[in-house]
Amino acid sequence: RAAVAHARGAAPPAPGGGGGAAGRVYPVFVLDGDAYQLRRCSALRASFLVESLRELDRELRSRGSRLYVASGDPVQVLPQLWERLGVTHLTFEADETGEPYAQRRDAAVLSAAKAAGMSAEAHATETLYPLGAYVARSGGDPANVPATMGAYEKLFARMGKAPPAPLDMPTTAEFKSELRDVVGGDEMLPPRSPTDLPWPRETPRAQVEPVWNAADCEGLSPVARGGEREALNRLRSCMSRHAWVASFEKPKTLPTALSPSTTALSPYLSLGCLSPRTMWHGVVESAASAPAGAPRSKPPVSLHGQLMWRDFSNLMAHSANAECAGSWGQMEGNRYCRAIEWGEDAELLAAWKEARTGYPWIDACMMQLRTEGWVHHLGRHALACFLTRGDLWQHWERGAEHFEGQLLDADYALNGFNWLWLSCSGFFYQYFRCYSPVAFQKKNDPSGAFIRKWLPQLRKLPDKYIYEPWTAPIAVQKSAGIIIGTDYPKPVVDHKVVSKENMGKVAKAYEAYKKTQSSGAGGGPPKKKLKAGK
């Protein structure tokens, strides 16, 4: 979380985030090992964070300021800083999703500021509209917010004015900082590499998945480099394709494309390098420049629709946590999650994580995730469905934890929402619609170019066998230089068999859920909200 400390003589910023400071302003970022972005974090995302902080520092220095980076518990670090610097006012980005640690942290920081006689403000900046505004439009009760995308679109239309345009960066004169004269130019610098980042305090080191050695980044090629400058360059590049922007439909993009067929801006939105409002207005301007006869897409599949899905997911997290603190991202206590008795098989889970399920499409997606920190949304769908209701029948919480660690764009609200949806535990209930790990992508990539890129051991197989290498005769395998079961695993399950069995399990779980609802037992949102997502 970023914080801005205002020294004595500095006027606090306007509620909209405007400038106007008359004294020194200290931009501060606290590297908190227990925060969501670092609690589980791959080397790729750690590098992305480091790049983003260093780029922000360079941008601030070009305006006569700089970024101060502290490490540790913000509740302890910030009071030390504001006492040392004579700070009178604090502003920081608020968490509105209700993520448990963030809630405790924000409340403690505000309490400490009050006890110190300081003024402090937390501003909601992560969504197009503050989540509290959505709740207010829904009658003031988080339990009454819409729980389907169709109903949310109607709520969005009632919000009134379009999301406000973002403010410009303050000028050098507005900063009025002279910071190096106060603290010194060599103190509290941004980290140079992932090895400088802190470990979580609340989680034993042995239970944390990230790898911090610089050598761990060798051979990895993230789909995105960190920093606001890179984010804005990518945004401009996307928005220059006016007809593409105007007609964009997310379901029609290709998961097997060898480079992203979408904007790939999600990592920047997740970390805050790019504001959703900046992207929203960029889409407005670009679409307005599209040829008069160009097709026009609409939410929920359009680019604006993707930002609306993001707000909707955050709203669902806020609603769930308002009823039962910390319930989002888990099955227990989550009003939007149907209870399903998932299996717990460590070997199946490991095979999925380590790209050795024996299904090339699934394993190729997992190799892309490990190497780039990003996978197309349909690839993520296939991975999630395969782990849960489609094939392996493993708990979606385990998959969500893995994605949280590996994705560059890991996001507390969206990650939980997507796993609820794909496991048919919440928001989407058409469990009979199942992604085939064999047939799903054959029509988009019949030659298996995507598989050949990410699983080079299969690259010499004929097209006929690239999605089902276990069906290749032994002579074909030898000719391709690979023996299935030795050089590449056989399938860990038989999809045709287990997918049907799992459909029956979901059906039974749904029937049990209906009985608890009709008897008044159990949690969950009202029945009228338990429709398949639109």
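Just so you know, glycine gets a Cβ as well, placed from its N, Cα and C.
Features reported for this protein in TrEMBL:
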type	residues	note
DOMAIN	1-128	domain 'Photolyase/cryptochrome alpha/beta'
BINDING	T262, T263, A264, L265, S266, D409, A410, D411	FAD binding site
SITE	W342	site 'Electron transfer via tryptophanyl radical'
SITE	W396	site 'Electron transfer via tryptophanyl radical'
SITE	W419	site 'Electron transfer via tryptophanyl radical'
REGION	515-534	region 'Disordered'
When distances run from the Cα of S266 (FAD binding site) to each of the recorded sites W342, W396, W419, the nearest one: W419
Greatest C-beta neighbour count within 10 angstroms, which of the binding-site residues T262, S266: S266
Structural state of D411 (FAD binding site), classified by DSSP into three states: coil
Candidate with sparsest Cβ neighbourhood (10 Å radius) among A264, L265, A410, the listed binding-site residues: A264
Across the domain 'Photolyase/cryptochrome alpha/beta' (1-128), average pLDDT on the 0 to 100 scale: 83
Same-chain residues at least 6 apart in sequence whose Cβ lies under 8 Å from T263 (FAD binding site): R234, L235, C238, L303
Rounded inter-Cα distance in Å - L265 (FAD binding site), W396 (site 'Electron transfer via tryptophanyl radical'): 25
Site with most surrounding Cβ atoms, counting all protein chains shown within 10 Å, from the recorded sites W342, W419: W419
Cα-nearest neighbour of A410 (FAD binding site) within the listed recorded sites, W342, W396, W419: W419
For D409 (FAD binding site), the number of other Cβ atoms found within 10 Å of its own Cβ: 22
Rounded to the nearest Å - Cα separation of T262 (FAD binding site) and W419 (site 'Electron transfer via tryptophanyl radical'): 20
Using Cα positions only, nearest of the binding-site residues to W396 (site 'Electron transfer via tryptophanyl radical') (A264, D409, D411): D411
Distance from W419 (site 'Electron transfer via tryptophanyl radical') back to D411 (FAD binding site), taken between C-alpha atoms, in Å: 12
